[in-house]
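Worksheet: the structure to be examined is printed underneath.
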Amino acid sequence: MPSKKRKRVAERGTIHPRNKYSEKPPDFGALASLYPSFEPYVFYSSKDGRPRIDWTDYNATRELTRVLLLHDHGLNWWIPDGQLCPTVPNRSNYIHWIEDLLASDIILNTRIDDNVVKGFDIGTGANCIYPLLGASLLGWRFVGSDITDVALEWAERNVRSNPHISELIEIRKVHTREKNPEEEDVHAEQGPDSDDSGGSSNRGVAEIGPSCLPSAKLQSSAQKKYQAPPILLGVVKDEEKFDFCMCNPPFFETMEEAGLNPKTACGGTKEEMVCPGGEQAFIARIIEDSVQLKQCFRWYTSMIGRKSNLKFLIAKLREVGVTVVKTTEFVQGQTCRWGLAWSFVPPSGKILSSQVSESNNKSFMLEGVQRQYSAFHVLQSAESFFCSSGTSCKLDSIQFKIDVIASKDQCESMLTSETEPYGALSYQHNLEMPDVSNQLDSQSIDLHFSISVIILALNS
Ligand SMILES: C[S@@+](CC[C@H](N)C(=O)[O-])C[C@H]1O[C@@H](n2cnc3c(N)ncnc32)[C@H](O)[C@@H]1O
């Protein structure tokens, strides 16, 4: 019998609708007959006679990735033994989620070049999977960065093996060097190894004025410090603009932690899997870098391996005053990963417009909210309002929403009450209750509704 957790995972959507494999998963039997190198890895299940591979065999998963990239994407690809082997359907989901973000009208369209989407893949790895997929599926341009020689060498090889897209992809080395103790560093308090790549063409730390520095509060809130090479700041060049960055970070603090999933054999060296402070510290550094780089990127995104880290990172984003936070869940077999996206580009003000009419959703803008208040303040304020009206209400800080259950009397009393300041905010509350007059005929029916806040603050 499947475990409860497994069943829950299976019930959730697992694959993006535009993913090549959303309707038809890879057919191992057909691939085996087409590609003799793959054939030895395919066996037929005694239970249902279906063709399968042994997911705990690294060579089998690597060969599967090779034939899927060749057969379905026209890509030549290889990685040396032990390097992290990506699963193509899973990695494609992240690409399509970014495609959705770029197509949405959540933030203002400030793009300079509407024709070419330009992305930055932080830690592209030897496999260079995201640039290869993004360029071949969608024609996107990429800079893929990495720190290790093996990653840089093989990423380059994988790009050169695909001349039809090689013009679209630049592989960029992240320079690491011994720190000069007298040098001022925006991340100085984060440890002696934290340094920038320098180089005259790069965005050096010397150019960043004190007013841009992350607040002391922000710095102190990072529980785990990233003490390692630069990530964006010092790697992104002056004047460079990107539509997005993406990152599949080193998730773990130790290799022991990384080895906890014996059900798959995706490989992964220490350099790929581990960094000081794990993913929490790595992504916290990306957030700090984004505070400096602001609108150099329209969207900052990262994959996250642990839900507890997602909570921590959303709280950190709240502190730095981003304009938008979006999250998603990627289900990869029996493992869950989360996508976190944020932006400093002003919101477009068209939020939810597409959802309004049909699904009984109402969207509205809160005008006159002062800059120092974030979406969380708005949520807390709304929560205070509903609680004080006697309703049952629950704030979900991950989804940025409040679930409310109210009786007819409570609804009526809320609709007729005078506007009052709630919590930290004093705004004109023009909350529209859903049109439920029919449903409220009976005293006994409770009204269930949710309030989501998508925008944190408006940049002027
Ligand atoms: C988990 S692997 C991801 C590889 C590939 N993107 C994928 O999805 O399979 C993380 C990668 O980040 C690289 N890395 C670690 N620190 C980095 C940094 N400061 N800047 C750029 N890359 C870094 C590692 O060398 C490794 O290749």
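Using N, Cα and C of the backbone, Cβ positions are placed for all residues, glycine too.
Bear in mind that the values here come from a model prediction, so they are computed numbers and not experimental data.
According to TrEMBL:
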REGION    1-24  region 'Disordered'
COMPBIAS  10-24  compositional bias 'Basic and acidic residues'
BINDING   Arg91, Gly123, Asp146, Asn248  S-adenosyl-L-methionine binding site
REGION    176-205  region 'Disordered'
COMPBIAS  181-196  compositional bias 'Acidic residues'
Number of other Cβ atoms within 10 Å of the Cβ of Gly123 (S-adenosyl-L-methionine binding site) across all protein chains: 23
Cβ-based neighbourhood (8 Å from the centroid) of the S-adenosyl-L-methionine site, residues Arg91, Gly123, Asp146, Asn248 excluded: Leu84, Asp121, Ile122, Thr124, Gly125, Asn127, Ile129, Tyr130, Gly144, Cys247, Pro249
For Gly123 (S-adenosyl-L-methionine binding site), the three-state class that DSSP assigns: coil
Largest separation between Cα atoms (Å) of residues that the record links to S-adenosyl-L-methionine, namely Arg91, Gly123, Asp146, Asn248: 18
Cβ neighbours within the same chain of Arg91 (S-adenosyl-L-methionine binding site) - under 8 Å, at least six residues apart: Ile129, Tyr130, Leu133, Asn248
Three-state secondary structure, which DSSP defines for Asp146 (S-adenosyl-L-methionine binding site): strand
For Asp146 (S-adenosyl-L-methionine binding site), nearby residues of its own chain (Cβ under 8 Å, 6 or more apart in sequence): Gly123, Thr124, Gly125, Leu152, Ala155, Ile171, Arg172, Lys173, Val174
